Amino acid sequence: MVIMSASWSSHAFQPVLERIADEIERTPGRGRPADYIPALAACDPRRFGMAVAELDGTVYGVGDWRQPFSTQSITKVFTLALDLAREGDALWEHVGREPSGNPFNSLVQLEYESGIPRNPFINAGALVVTDRLQTQTGDAAGSLLEFLRAESGNPRLTFDQDVAASEAAHGDRNAALGHFMASYGNIDNSVPVLLDQYFRQCSIEASCADLALATGFLARHGIRADGSRLLTQSQAKQVNAVMLTCGTYDAAGDFAYRVGLPGKSGVGGGIIAVVPGRCTLCVWSPGLDERGNSVAGVAALDRFTTLTGVSVF
């Protein structure tokens, strides 16, 4: 259930966003961009944008809300939804739904758990989901891009080839994860094909406005922007639940405590969040904390739920 203050109405979104942006601008210590992906390391950590999309597609924004950025792990939400729509509960035989507690690219748990990743949002789990979507579609990254273009209404969304190449050049840990899971029979496609799809997936550039709109199906309980159903209401609930418990790497507990919404972050500095039945949000600021989440992004979402009174608790 979403709890909202009695006086809250959608027309107040814009002044709330402007107040948040003003507070963020005056906040020192904004973290550091991801430096292990060279193409992201040059981002200015003080950039900031935030957008809110209502269920009918009305969007409010502030700051750099129309500036495209590297979506990175945010795309894991959409590949999860696309695969879940195709194969349903069979997916959960190959990936779990539990928080990891370890870094997002850790190999440690995989060995203890026989090649079954803890959840779909750590890198190992995301590789499994992309692998299964590749088997289903023949072009996982292309299917994802087509979906994001349709839901955002932006046909110009595209892959950033420089980011994809940068990730491939520094992707030894992901390659190790892929080969390790393949040794347990939990990867169907060749690891090089899988990695190419995964790196392209993570390289998609989109703005806060694009991603807030694209996430709308989760606030509409599985209904896409065109009115067709992607997920059952139960499946949409499942995706939101996994976002809440696993969506911000090993800081999910703190994110739930501070923000109180399902969310998914990426090392490009973006975070999406869902208010079921009401709206979706995306915030971007490239400076990250030690766990890989946007410092200003988490702070902005914290302020949003505090100022508006929205929460899933």
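Each residue, glycine too, has its Cβ placed from N, Cα and C.
Model, not experiment: these values are computed from the prediction.
Here's what Swiss-Prot has on this protein:
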type    : residues                                              : note
BINDING : Ser73, Asn123, Glu167, Asn174, Tyr198, Tyr249, Val267 : substrate binding site
For Tyr198, Tyr249, listed as binding-site residues, tell me which one has the smallest number of other Cβ atoms within 10 Å.
Tyr249
For substrate: widest Cα to Cα gap among Ser73, Asn123, Glu167, Asn174, Tyr198, Tyr249, Val267 in Å:
19
Which chain-mates of Glu167 (substrate binding site) that are at least 6 residues away have a CB under 8 A from its CB, listed by sequence?
Ile37, Asn174, Phe199, Cys202, Ser203
Who sits close to Val267 (substrate binding site): which same-chain residues at least 6 apart have their Cβ under 8 Å from its Cβ?
Ala34, Ile37, Leu40, Gln72, Ser73, Leu288, Gly292
